[in-house]
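Beneath this line is the structure, given in structure tokens, with notes to follow.
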Amino acid sequence: MDHARAALSNLFSVEPMSYTRFSIARQTDGDNSHVEMKLSADDEEGGDIERPEHMHVSMAQPQRNGKRLCFLVIAAVLLLLIGFLIGYLSYRGRIELAARCQDGSGGCEITPTASYLVDGEGTVEEEIQGPPVIFWPELKAMLSKKLSAKNLVDNLRWRVGVDSFEAGEAEDTNMATYIHEEFRNFLDKVWNDEHYIKLQVRGSTKNQVSISINGKEEILETPDAIVAYSESGSVSGKPVYVNYGLKKDFEIIQKVVASLNGTIVIVRAGKITLAEKVANAKEAGAAGVLMYVDSLMYGITDTLIPFGHAHLGTGDPYTPGFPSFNHTQFPPVESSGLPHIAVQTISSSAAARLFSKMDGDTCSEGWKGAIHSCKVTTKQESQIMVKLDVNNSMKDRKILNIFGAIQGFEEPDRYVVIGAQRDSWGPGVAKAGTGTAILLELARVISDIVKNEGYKPRRSIIFASWSAGDYGAVGATEWLEGYSAMLHAKAFTYISLDAPVLGASHVKISASPLLYMLLGSIMKGVKNPAAVSESLYNRLGPDWVKAVVPLGLDNAAFPFLAYSGIPVLSFGFYNKDEEYRFLDTKGDTLENLRKIDNLDALLAAAAEVAGQAALRLTHDHELFLDIGRYSEELLAYQEEFLPYIKEVRELGLTLDWLFFARGDFQRAVTALRRDIANSDGENRVIRRALNDRMMKVEYDFLSPYLSPKDVPFRHIFFGKGPHTLRSLVEHLQLLKTNRSSVDLNLLREQLALATWTIKGAANALGGDIWETDNEF
């Protein structure tokens, strides 16, 4: 037994069981010897072996060092193998359980283990053990179960019996206070944002439209509605009808009428926004614009007169590019989108009387609409004139945007924003009430899931109620302008809830390509209100992307995408062939909205799509953004450019560099996908860096070579101006249709801006600066 103990002692002891006292100082007598005291294993056990009674002066010799080292190596290898097997089996078990949870085939209770993580500043923090993880199938089922159609309709009743919620007025402020209090009941953080803006409102005298025949004046209408940002004053001119006021409509009419200078243009509502119609009329030389609602497209609307605005842009037109904070010293500038011509809306009955008094050529069948007495213009020698008196006045008003937030647990400084317009010129039930109702219900439900069901969103969710939306998304745009330096780096998606139900026949989707894949996935899990046995995805089919409606200036999501470079999503229901007749009128009431079949189910479906989008974007480790979709969009544009290669070369230019830039972007997408596949999914720092590269793709398509003050909508896909890819295509088309009108210097600039914006987006997506170069 003693020999066995001695053997074990020798095996696990690197040094002999002895200690030596060395003389530190040099010995004066030159003796460099040392004294050794040897302790045997037997001594430790208190055995009977005789103890040495003298000190050894000789050095102990190591024994069996080679054999001992061999045993140590074998023991270490065995321990390593055992540890590896234990870790592998444990990890495999967790992965299998996670897979069962994701597809809903098994139980879903996994408790995170504690691990030490390094954040971006280099400090070490311990991840605290939390409650069981809620997996996506369970989370979306919670949302669907908790959403209440009854609550949605109840939230609409706030607008019953109120004639107007005009921005900055008492009813708008009262609604803001109510929303603020509701947010306080549900959310972690609630705050207000004040802006001081210039709005054009009704004057002390009503506007008036009259017709003069041989000097005899007759009043056609004195409408209650106004068009904000119209030029005030009195103007007269010959009436000319230009259908919907599209550019192609003006091209057609200019072949019939020698000149439109000084005329009063008549257009019908639809196809494009009123502001775009007015801009086209101004470009053609018109002195004023009258717009009416045609019952062929809107149903029976003889007496309805819509409100509107004529600013070709968003935000406060008197502080373009600047936030309208009270302490800002504004420069004396105004938006280039202001029309400076008189604009007024009239009823279809007034338009019919006006047409009946015109004596020119009859409209073509495609232009007639519901008014069969439609005339294009008057005879050249006739003395028929239309007079437009506009008495609008400017007012300085304070508006409130209301915000509430659910803070994320892993990346609280990254957030998805859900917003809805609150104000309206009339009752605004469909225009603003439905979106606000969904906003409040989502705030309640998602807060309940977080507080009571244990869901811990990785990223924050911000709920926003905007004011002055009827004046051109003023509240939303001023917020973007005020916090642009922060928002483009932190807000990664905006979900618009405005006007989600304007009909029941068709689904209306407007979105950034980055969110197509997310939306397709969500629609597979939301029931079709028209047939609950199928999903929304089944209703639309696999080619639903082809039905995506481009965002317009009348959508509050537009400045988020085109001005700030934030991916956006807008979802709702409408009738494609018949506009909602009461929109922007005094008839936009709950009673009229109730005429839409299955209203409750439509509201619930729209709310569920928006809620699922917000939850999915805060649930997964990896952001649900499809970066490869923009590569497909670029390829589609490249196919449009191909027919003009020869004509471009004849000008001494080339499209090759533009094509090479697209290739660079595709390679950057492939590289990022490879980095994601090869990364450690459990490393929070790496995950955040990869997500940041994805979330900035949209922003990188804002042309960096343009001033946001002069060209606010800089997005090369969805912006407005000659820098866009669509404008480049239209310019190239002139090479075949009207070569003499091609501006060579502009074409050079367009090619350069497009090429280097795409190349810059590819470089940013590629990662660090040492991973990029300036070669194609």
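Glycine is no exception: its Cβ is also placed from the backbone N, Cα and C atoms.
Taken straight from Swiss-Prot:
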- 230-322: domain 'PA' (DOMAIN)
- Asn261: N-linked glycosylation site (CARBOHYD)
- Asn326: N-linked glycosylation site (CARBOHYD)
- Asn391: N-linked glycosylation site (CARBOHYD)
- Asn738: N-linked glycosylation site (CARBOHYD)
- Cys70: S-palmitoyl cysteine (LIPID)
- Ser23: phosphoserine (MOD_RES)
- 586-776: region 'Ligand-binding' (REGION)
- 19-22: motif 'Endocytosis signal' (MOTIF)
- 1-70: topological domain 'Cytoplasmic' (TOPO_DOM)
- 92-776: topological domain 'Extracellular' (TOPO_DOM)
- 71-91: transmembrane segment (TRANSMEM)
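Recorded features from Swiss-Prot, shown on the structure.
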residue: Cys70; record: S-palmitoyl cysteine; Cβ within 10 Å: 11
residue: Asn261; record: N-linked glycosylation site; Cβ within 10 Å: 10
residue: Asn326; record: N-linked glycosylation site; Cβ within 10 Å: 8
residue: Asn391; record: N-linked glycosylation site; Cβ within 10 Å: 15
residue: Asn738; record: N-linked glycosylation site; Cβ within 10 Å: 9
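For Asn326 (N-linked glycosylation site), none of the recorded positions have C-alpha atoms inside a 10 Å radius of its own C-alpha, out of Cys70, Asn261, Asn391, Asn738.
A separation of roughly 43 Å, to the nearest angstrom, links the Cα atoms of Asn391 (N-linked glycosylation site) and Asn738 (N-linked glycosylation site).
Secondary structure counts, DSSP: the domain 'PA' (230-322) has 22 helix, 22 strand, 49 coil. In three-state terms derived from DSSP, Cys70 (S-palmitoyl cysteine) belongs to a helical segment. Cα to Cα, Asn261 (N-linked glycosylation site) and Asn738 (N-linked glycosylation site) are separated by 24 Å.
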